[in-house]
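Taken verbatim from TrEMBL:
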type: DOMAIN; residues: 95-253; note: domain 'FCP1 homology'
type: ACT_SITE; residues: ASP105; note: active site, 4-aspartylphosphate intermediate
type: ACT_SITE; residues: ASP107; note: active site, proton donor
type: SITE; residues: THR161; note: site 'Transition state stabilizer'
type: SITE; residues: LYS199; note: site 'Transition state stabilizer'
Amino acid sequence: MASSPKARLVFMSIRFQLVWHHPTSYYYQGQVSRSSLKQPRSCNIFKALFCCIQAQDDSKPPTPPPSHQALLESQENGMVVKQSEFSLLPEVEAQDQGKLCVVIDLDETLVHSSFKPISNADFIVPVEIEGTTHQVYVLKRPYVDEFLQRMGELFECVLFTASLAKYADPVTDLLDQCGVFRTRLFRESCVFHQGCYVKDLSRLGRDLHKTLILDNSPASYIFHPNNAVPVVSWFDDVDDAELLNLLPVFEELSQADNVYTQLDQLRGH
């Protein structure tokens, strides 16, 4: 299926905003953004909560199961193709039969969260850390509601975040009140690889040729870069329209027999 001019233009414009520089950093509008790569922002008790705040102390970092301690051996065009011994996802539900699977990130993709008070926060979520309850202030990205509603119609949607469930689960309860996400996966479902929490799509139990990932962090999909639709990190720009602009891309991808072929066309290959 040939890509439409509109979808291809949107996809390419996003790629021009996101210029790959190094596996642990993105250049965006002239500035280096490491926060989207789940690197530490501060060295306090909150650093282990969000996906973008990773512990950097003397303790040993989380280690993936033995079968995932190294990159899987079989690769094709930079994509891990060997399936793992178990699946993170349950069987496909009846209403999702025939749909592609899309993995969607949370922080800086759909929302932005902060421990500092935000006057216009959409949600305020209490989170207990070391016996003390703290308030997390959450902003919704513009057009996130419309985006999720349409994505739920087009795809089998899976939330996959490197954040801890104690924070991400209640945020998703408030964000996804229509039940778009069939499954929610948190940090324990990631593979810890070279200092980053990686979302290994081969562990989902879905055909990789029919699986997409939307994430602001290239480190999150470093095992499967050719399954990725890039998205610019969002923090508080009220004029942002990234999610709205991505809908034509996903409308087209939803009809693909092979996401690799369709993404290649959108990339202009």
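Backbone N, Cα and C define each Cβ position, glycine as well.
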Revision key, fill the gap. Cβ contacts within 10 Å for the residue listed as 'active site, proton donor', all chains included, total 27
**Study point:** Segment-level pLDDT (mean, integer) for the domain 'FCP1 homology' (95-253)
**Key:** 97
Revision key, fill the gap. Spacing of the two Cα atoms, LYS199 (site 'Transition state stabilizer') and THR161 (site 'Transition state stabilizer'), in whole angstrom, works out to 8
Point to revise | Mapped DSSP class for THR161 (site 'Transition state stabilizer'), helix or strand or coil | key: coil
